[in-house]
Structure formats: structure tokens, C-alpha cells
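Undergrad: What follows is a single structure, and I will ask about it in a moment.
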Amino acid sequence: MNKITPNYVCGKTFWLLLLVILSITTASAQYIFKDKNSSKRISIHEHTEYVDVEQKNLTLNKVRNFPEIKFKDVPNENSDFGFTSSNFWLRFQLKNDTDSELLYYFETARPITDVANLYVIKEDKSVTKFVSGDAIPYDKRSFDLRKTIFKIKLEPNETQQFYLHVKSDGEMLSMPLVLHKTESLLEESAFEQFIFGFFYGILIIASILYLFFFFGMRDKTFFYYSMYVVFIGLLQFSIDGYFYKFVTPDAGWFSLHSVAIFACLANFFLGRYAQVFLKIKGRNKFINNAFYVLYALDGLLLLSLFVLPNALEYAYPSANALGLILLVLIIASQVSIYNQTKQIDKFFAFGILFLICGFVVFILKNFSILPLSFWTENGSKIGTGLEVIFLSLSMANLIRNLKNEREELQELALQKSEEMNELKSYFLSNISHELRTPLNSILNIAKTMANDYDDEQIQNNSQIIKYSTYSLLSSVNDILDFSKIEKNEIKLELTDFDVAKTVEHIAANFKREAKDKGLDFTFHIENSIPQLVKGDAVRLSQILHNILSNALKFTNEGFVKFKLETQSSSDKKVQLLFTISDTGVGIPKEKMNSIFDSFSQESINNKRKFGGLGLGLFIVKSLVNLQKGKIDIQSQLGLGTVCTIELDYEIVKEEPKAVALVTNDEFDLKGKRILVVEDNAMNQMVIKMITKKWLNTTVEFANNGEEGVNQLKDNLYDIVLMDLQMPVMDGYEATIAIRKGEAGENNKNIPIIAVTADVMESTKERVMEIGMNKYLSKPVSKEVLFESITALV
């Protein structure tokens, strides 16, 4: 019998223990399929070992045979190796103990992992290599899916050993180790497509919608928010592998750097959006400056990606750190605003909260505190989606606030506009009064001089003064009418008038002006013209005056022809055609469409060259349209212009009964007494000059409304001529007092004629409202004044 020595026992024990250890290691690194109906989804992390060989680029043979390489167990299902650029090798075995062929799909490293190569070693020692990762062209991958997937087929009772080599460029290396059956893979892919489609759909709609708002409202907040949504979407698009698959399938530099680039840009636009939206600049300078420091660091990081070859190794953790600091700054901004205003945008706050929660869930999953699932794996994406939704609601609040602000501004602008219109009306009323008052004196003095003196020189000078006064008066009327046309306040005053006499009077005035300029001026009336028509004689005179003024103004030599004819006629109506032609400078063809515009560039240029206000044709067009007439201008540059105006009038069969025109020099009021209430001494002088040759007429004066009321109490008068703008008591107050009986019961109904330089429509309406009988605007001719008085007394 052999003797058993102590050395023999120790040696046998050593080899037995080694065999047991190896058996345990082999068993733990092998997953056995005992049933062909195994789970659809199997995690093999408990049967997998890994080793970190750092920057060593080892082959499969070296990994298998290198004695210093020591594999360790994968700690848990949420295996995460952090931000790293090391080479990792993992190994596991699969054994098919069933009598059927098994087909599984092995899901592992994240879609943005650079290198993911799977080596399959069969029982006959043959090795098959499958490649994946985004460092190679997409069409070189072993399996056509955005994820890192490998197809595994096991024959009945077959054992296969697997080595997985993975490497990243500095991005977080996460290693799910899951086997899917076909049904499981299809179900998970369909679910992911639905969720991702919803997620990216929200981002696309939000980015486009708020970009439109930016172009429509020109508010930078919308632009920054839209750009943030775009780049956070592109960041997720890259992380999910879609950017590599659909945009950069050939791999390359941009494909590898896209995640870091989009992360930097998303950080910048989120910061700018929050900074502008929260208006932190005016509320906390320290936090505002901190934002700019963050942008500088973000910009340097982005720049380094383009200039430094190994920038990705620190770019990923740096971008995440800057994102975390940015969130801290946004929270600090909200706290600062709340401390100042005790108010906070709840939707904005919830949006940032969901973004933070999403990243917290993602980080807790990486530290294995939360279990691996679709929701924890995509926690950042879910948080981002909810953030975009709530920030969009916050932007909706911003839109509503901007709308309210604009409505308030519009209301304020409308109020200011109304105030400006009132101010403009007041200004025009005053300027009309201040200009018409001296014009009234000048014109009547010129007429008196012409009537009282036979000297030819005095007659000529009087005519010059008279025509110059009419020209200035026409310019004043144009300014006032322009204001009325703008406010749609201009109205026609229909009276019975003699067209022929009105036109002849206008032609006589312009004939003298044409003679002074050396032009041939002709006027004639063709065929029969009705003696009396109903219309606005003042507006007709204004139309013809402006057209004839232009004709003379723009004609330096040659002629100006003025013709009046009947275009068509019936028993009740007549259509008159006014034709004015000249041999002036003409109008360029390209300017014809704008000649009726107010203050067009052409009218401004003509004003500089030829003088005038540049309003004539605009007013003419407006007045012709007001009378439902037609105006047509034909012109050739350098040859002249022909203007035709068609106006319809109602024919008056009988002489007007209300007013008899004075046809001789005898003005007799048959003992009537007139009270003139007028504060201006010059205007008092004009009335005296007009009435000094009237027979049987007594004229007395009061310097203001109060004096006028007192004089009415003490004296008998037949009619009152009332100015409106006076000190102490104006004409309005005086008239109201008279109508109330404060000047005596017998004077309550005394005729009152307003004689004023204020020609605003509102003034005319006000005058009639308070009980005056008639309105006359300065300058007043003696004929019109006499006819108005005799019509009332």
C-alpha cells in the first residue's frame, strides 16, 4: 500500500481548490438556456465580466492569453463606466441546452459609442467578428438599427463564448447587456418610435412656431427659445443615434463631435433665453454678469472642439458641468426675482424643475440607485420634453403679456393721436384766425382804395395787393382743407350760384397773373350754360384755382387755355366739362400715378423748384371725388399738360328767393342798427370802411362779449355781428347769455351773425348749436355782408 505523504495531500488539495474556483468562474460567466420559451428579454449582466485596459489597443488573442489581464464581475444591470476614453473588454458565454435553434438580439453600448465590436468564438474555435459604433460608416455596421445591436444564433446544445470590445471618445460609457427575442425587439422599437416621435414632434412644432412669433413680433425672447429647442432637439437626436444614421451616415469629424457641439449651443441659447425672459439684467447685476462668464467658458469649450485634437476627452464632462451651473444660475435668478417682486412665472419654474428632475433621474440610474428601464434610461429626454411644454406655456403667457402691452400702447398712442389731432385742430384754428384777420383788413383796404381813387397807379397797386391776398388766402384754405380731408370732415355747402359768373371772375384774376408772366391766357365758354345751378361755388372756385395755379406755375412760355362747356344736359341736371391746357414743363410718365398723392416726392421736388405747398392736386382730387365728378390729366414731358374735370350740377329753374344779389352801389338798411362785437381794432376799422357808405345804417362797437351783452341791455339793435375769439367773454359765451335772456327778454331772439376767421367745421357746427343765425368767414366782402344782414332783418 502506497504511503500518503503530507506533500501529496497538500498538492492534491491545491489543484482541487483551483479546479473548484475555475468551475465557479466559468459558471458565473455563462448563461444557460434550458427552455426554448425563455423570457423575451434577458439581462446577462450577472454572467458577464469586464476589464479596463485603459488606452491599450489590444487584439482578441492578447486579451484571451495575456496573463496580467484580470476580468471582474459586472456589478449591476446599470453598468456605467463614466466619462472615459479607455478600452473596455467584456466576456460571457451562452449555452443552448435545448433541442431547438435559438435566435436573440444582443443590445449593448449606447448609440454614440465609437467602437463596439463583438467577437463570437464557437466550439470549433472559429472566431466571427461583428462591428458597430459611430466611428465607422453606418453601412459597415453588422446590424441596421440606430442602437448597438448584434444578432446571435445558437444551435441546439451549442456553447458560444463572446468578447465585446467597446471604446468611447470621452462620452459617458453606459453598458446595457440585454438579449431580446424578435418579438421583444420589435415591441420595444415600436414603443420607442411612438415616444420619440411625440417628443421630436413637440420640439419641431415649438421651434417653428416660436420662430414665426419672432419674425412677427421681433422679440428676441422668441428667437432664443426657438434656437434652444432646435439645439436641444439636435442634441437628443445625436444621443439617440438618429443624427449619425440619417444626417452623417459616413461618420467623420462632425459625426463624432456633434453631441458636444449641440450641447454647447443648447447651453448658450437656454442661458440667453432665461436671461432675456427673466429680465435679470435690470434686477441682479451679479447674476447677469455670471451668465456672461458662463457664455465665455461655453464659447471657449466650443472653440476648443475645432482646434484641439483630443478636446472630446474633457468636452463632455465640461459641457455637462456648464449645463449644471447654468441651471443653478437660472434658479438663482428666479429666487432673486421672487425676493424683489414676490412673483414668479410658475410655468417657467415648472419647466426648469422638470428639466432638473429628468437629469437627476438619469444620474441616479447611472449610479444604480434607480433600476434600468425605458423611463430611467430616457429620464433626461422626458424631462426635456416636459420642460419644453411648460416653457411653451410660459411663452404663451409672454405673448399674452406682449399683446396686452401692445394694446395698452395702442390705446395710449390713440389717446396721444387724439390729443395731437385736437392740438392740430386748435393750432389750425388759431393760425387761420391769425392769418385771416390781417388778410381781412388788407383785402378790404385794397378794395376801398380801388373804389375811392381813380389814379391808375393806385388802381394797379390795389389789384396786386388784392390778388396777392387771394393767393395767400388760397394757401391757408389748402392747409385747412388738407386737415379736414385727413379726418374726413370736409363737407359741401350747396347753394344756388351762377356758374358762368363764378368762372369768369376766376379767369379774370388769372388773366392778369398770366399777363404779368408774359403768357397768353385765353378763356371762353362753348355752347349754352345754365344761369343757375345748385352746388358748392366755393369748392368749384378752389378746384379751378388750384389747377390754373399749377398751369401758370409750370409754364414759362407759350399759353394757358381755359374752356368751359356743357358735356350733357337734361331738364334737371347738367354735366359741365372744364378743360385747362398749357405748354408747360409736363409730367414724366413714371410720375403720373403719384401726382394726386399728398406730399409725394415729385410734389416736394416741384415745391422746391417752383414753390407752393404741394397739396393742390391732392385737394383737387379729393374735392372732385366728394362731388362724384371725374378728373383726368394727360401730359407729355416738355410739351405740356391737359386737365379735364367733369362735374354734375342740378339746374335751378328760378331765381333764388332768399337772397337778392346786389347789382348797384346802393346799400340801404333803412334805419337798421347793427352791434358789432369785435375786440380787434383793425377788424373794427374794416367794418367801418365797409359800412361807411351804407345808407340809413347805424353801426356801434363792443370790444368783447361782456360789453356786447351790456350794450344790448341799454340800447336797441336789430342785428349783432359777433366775433368768436375775444378776451373777458368770447362770442360763444356771449351768444349763450343772449339766448338765455341775460341781455333782456326782448333780445333773446335777436339775429346774430358769426363773423370769424375760424373756418373749422367744428366751429361752424358749434355756432349753429348755440343759436347763432348765420356764419361768415373772414375776409368778408361788403356784398356778402349786406346780403346776409338783409336776409335776417
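Backbone N, Cα and C define each Cβ position, glycine as well.
Annotations in TrEMBL come from automatic prediction, not curation.
So TrEMBL lists these for the protein:
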{"type": "COILED", "residues": "392-426", "note": "coiled coil"}
{"type": "DOMAIN", "residues": "430-651", "note": "domain 'Histidine kinase'"}
{"type": "DOMAIN", "residues": "673-793", "note": "domain 'Response regulatory'"}
{"type": "MOD_RES", "residues": "Asp723", "note": "4-aspartylphosphate"}
{"type": "TRANSMEM", "residues": "194-215", "note": "transmembrane segment"}
{"type": "TRANSMEM", "residues": "222-239", "note": "transmembrane segment"}
{"type": "TRANSMEM", "residues": "251-270", "note": "transmembrane segment"}
{"type": "TRANSMEM", "residues": "290-308", "note": "transmembrane segment"}
{"type": "TRANSMEM", "residues": "314-335", "note": "transmembrane segment"}
{"type": "TRANSMEM", "residues": "347-370", "note": "transmembrane segment"}
Undergrad: So for Asp723 (4-aspartylphosphate), how many other CB atoms are inside 10 Å of its CB?
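TA: So the Cβ neighbour count for Asp723 (4-aspartylphosphate) comes to 28.
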Undergrad: What is the number of residues in the domain 'Response regulatory' (673-793) that are helix, strand and coil, as DSSP sees it?
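TA: Looking at the domain 'Response regulatory' (673-793) with DSSP, the answer is 53 helix, 26 strand, 42 coil.
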Undergrad: By a Cβ-Cβ criterion of under 8 Å, what residues six or more beyond either terminus of the coiled coil (392-426) are in contact with it?
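TA: Sequence-distant neighbours of the coiled coil (392-426): 206, 210, 213, 217, 219, 221-222, 225, 277, 345, 347-348, 351, 483, 487, 760, 762.
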Undergrad: I need to check the long-range neighbours of the transmembrane segment (290-308): which residues 6 or more away from its ends have a CB within less than 8 Å of a CB in the stretch?
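TA: Same-chain contacts beyond the flanks: 257, 260-261, 264-265, 267-268, 271-272, 275, 280, 315, 318-319, 322, 325-326, 329.
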Undergrad: What average pLDDT does the predicted model assign to the coiled coil (392-426)?
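TA: Across the coiled coil (392-426), the average pLDDT comes out at 81.
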